[in-house]
């Protein structure tokens, strides 16, 4: 049974989130607190397995509380954030401080949105409960997701079984979820500006990916930006898929460009790693390197298999270094992986691939 605590200064939000946890056979609500100081008193009685945390609260802000939790008893924390530019920036800082995931505050009175919010909340809690927080590489720097139906990536992109044109450009595709913001920062900050162009899907709600890309851009030698439709993939550039849209790689003559598409959730996500990887298999073939990293579920496993079958080098982050060994595990089970590597070694694999 996953014991959950909610820390939010809004009584309405606490009530709505609490109601979303009712009747879940594997989740129990340990309690709610209106600010971090009340939360710490609550935790004296019993410590939760997962904490749902607001950022802006009286008496102690969420990031200060988060750092205190991580110092005293590292615990999976899911940030419950507002959809504002300022909220996004602070939320990304919270991820850097050790939080494992983001959910957006539910829009009250909108039944469809509440149902979507509940699905995302439960998914985040179950993933967080499996997270090995001690494995986070924390540097200490400071559209609603539609529900459920598990679509095949064919609903977003056409079949990839046709002949590949040749091009000399190299492309690196990275896919990750829970724990991935820390892992991506760890890898990308180790890469020189001369590295091959990189396309990334990190499971994250829309409105947050721009702030995440901006943060990475401030600490990486490579340029990092949120992808825009028709952006060219170039050496020295990292394109982060927008939250709420699928990102595909396409060939345009001798160039690679990205296309952003709406569409249903694929493998329960949008953006989907499967959609990106399958498009990379189609567009780049053996000129690509695919890396599936920490995260829960199976998104990306089939797409990595198609990359493998098209001659790409395919890597999976190993279990010992994953915060959640889910997506890499499923890819290994499918036979999609050339080899498993530790997080410490992923950057050098990308550098070696660039020099080939």
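Quick reminder: no glycine exception, Cβ is built from N, Cα and C everywhere.
Record features, source Swiss-Prot:
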type	residues	note
ACT_SITE	177	active site
ACT_SITE	203	active site
ACT_SITE	299	active site
DOMAIN	3-120	domain 'Response regulatory'
DOMAIN	165-356	domain 'CheB-type methylesterase'
MOD_RES	54	4-aspartylphosphate
| field | Protein Cβ atoms within 10 Å of residue 299 (active site), excluding its own | value | 32
| remark: One residue among the recorded positions 54, 177, 203 has the fewest other C-beta atoms within 10 A of its C-beta, namely 54
| field | the domain 'Response regulatory' (3-120) - residue tally per DSSP class, helix then strand then coil | value | 53 helix, 25 strand, 40 coil
| field | residue 54 (4-aspartylphosphate) to residue 177 (active site) - Cα separation in whole Å | value | 21
| field | Distance [Cα-Cα, Å, rounded] between residue 203 (active site) and residue 299 (active site) | value | 10
| task | State the Cα to Cα distance, in Å, between residue 299 (active site) and residue 177 (active site), rounded to an integer. | result | 9
